[in-house]
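**Student:** The ATP binding site annotation in Swiss-Prot covers 158, 159, 160, 161, 162, 163, 164, 165 and is backed by sequence analysis.
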């Protein structure tokens with residue numbers, strides 16, 4: 001253990017000088033532990049990460065927690081390795097910070113638990129899985145129109161209060177129940193209150209036992225917010241590589257990862273690039289995203305909530321993220337206001353997996369027909385608003401008639417929302433989803449009322465609901 005001294009403190013950036021020409025490697029973790037000697041001092045237990053070498057024996061580091069109370073001359077110890085965090089089954093049902101320390105007021109992690117470094121190379125080219133496999137979510141609108149790929153990266157767009165969190169919870173629930181899969185949730189630079197609410201909601205809905213949670217929220221210094229995504233990813237990699245699992249990794253919010261990187265870059269004195277972002281923006285994003293993939297052992301499928309600053313999709317932060325995505329799920333406030341949940345926009349959501357050679361010819365054709373019908377309905381809405389339905393041709397009336405049924409049938413009840421809705425949730429296999437929409441498009445259920453299609457699972461439930469409404473089927 002080589003020792004050094006703090007020689008400069010600039011907010012979250014700390015310079016450390018070592019003895020005898022020792023120079024810790026880049027990304028090494030350094031520890032400062034100081035006991036308060038009087039009431040003017042505070043106890044300090046701080047981890048620093050080496051970012052730059054300044055000469056033969058001096059390093060510039062980024063603090064992973066507040067530097068309050070730090071003074072020049074304090075002793076620093078080089079741990080000789082990067083930050084490492086606990087991995088494996090001990091992480092399930094627990095909440096951690098960026099350093100892998102539990103913050104849920106439960107027992108400490110056993111000392112003998114395995115710990116892995118958060119900085120690791122991406123899987124080698126020959127280790128990657130070559131076949132494209134669809135991840136069935138049981139959520140109709142996702143499986144039909146913007147299917148997720150195992151080992152893929154999905155962007156989740158949506159404003160406040162349109163159902164991002166509930167959709168994330170339902171995905172965690174369905175993967176745990178139907179696939180026995182594990183989920184890792186990384187809260188990056190978001191509100192602590194939301195993280196707390198999510199933890200309690202997951203506890204209530206019973207999915208917490210299959211989930212590890214890591215938080216570096218918006219009150220933390222930029223170093224913690226920048227590294228917490230890597231902490232979550234390291235935990236997910238263990239389940240993929242050592243247990244052969246298909247893991248879900250949720251990152252909320254990936255924009256905050258870039259934002260923290262930008263703050264760190266400025267503090268380190270790097271020249272900013274476009275819009276004031278760090279010059280290493282694409283590299284940092286690539287290092288994170290390339291580790292999220294399918295290998296011959298298992299897969300990490302990542303769902304990343306993306307905040308778009310000022311709704312400007314050309315901003316370098318979201319634009320860099322887009323280049324890595326395989327699918328997008330867009331949540332639309334208008335649909336939420338109509339009571340259609342999940343409020344996924346069927347026309348704006350996309351996936352590169354929606355191709356006949358991946359999902360099959362029938363699925364592809366049904367999805368395209370659904371999109372065409374909804375698109376035509378969208379075009380006709382202005383005419384309907386001005387002139388009314390009576391002015392439409394018979395053909396267009398039929399399009400509107402079916403489109404409204406399709407729109408309602410894209411909604412369904414969620415398991416994790418049972419305590420609010422009082423209705424049991426539904427998991428719909430892809431085959432059933434495709435069959436249901438094909439039959440609606442073919443006019444098999446034109447005689448059933450629109451309301452029978454709202455918030456149901458399989459197409460058989462529509463028929464039962466219509467019977468309960470007193471309609472002859």
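In case you wondered, yes, glycine gets a Cβ from its N, Cα and C as well.
Keep in mind the model is a prediction, meaning the values are calculated, not measured.
Set these features in their place in the structure for me.
**Tutor:** The secondary structure of residue 158 (ATP binding site), as reduced to three states from DSSP, is coil rather than helix or strand.
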**Student:** Sequence gap of 6 or more, Cβ distance under 8 Å: name the residues on the same chain that satisfy this around residue 162 (ATP binding site), in order along the sequence.
**Tutor:** 331, 332, 333, 336, 343
**Student:** Let's check the environment of residue 160 (ATP binding site): how many other CB atoms sit within 10 Å of its CB?
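**Tutor:** There are 7 such Cβ atoms around residue 160 (ATP binding site).
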**Student:** Please list, in sequence order, the residues in the chain of residue 165 (ATP binding site) that are at least six apart in sequence and whose C-beta is under 8 Å away from its C-beta.
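**Tutor:** Looking at Cβ-Cβ distances below 8 Å from residue 165 (ATP binding site), excluding near sequence neighbours, one finds 194, 197, 198, 201.
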**Student:** When you average the Cβ positions of 158, 159, 160, 161, 162, 163, 164, 165 for the ATP site, which other residues in that chain have a Cβ within 8 Å of that mean position?
**Tutor:** 331, 336
**Student:** Count, for each of the binding-site residues 158, 159, 161, 163, the other C-beta atoms lying within 10 angstroms of its own C-beta, and report the residue with the smallest count.
**Tutor:** 161
**Student:** Can you count the other CB atoms that lie within 10 A of the CB of residue 164 (ATP binding site)?
**Tutor:** 21
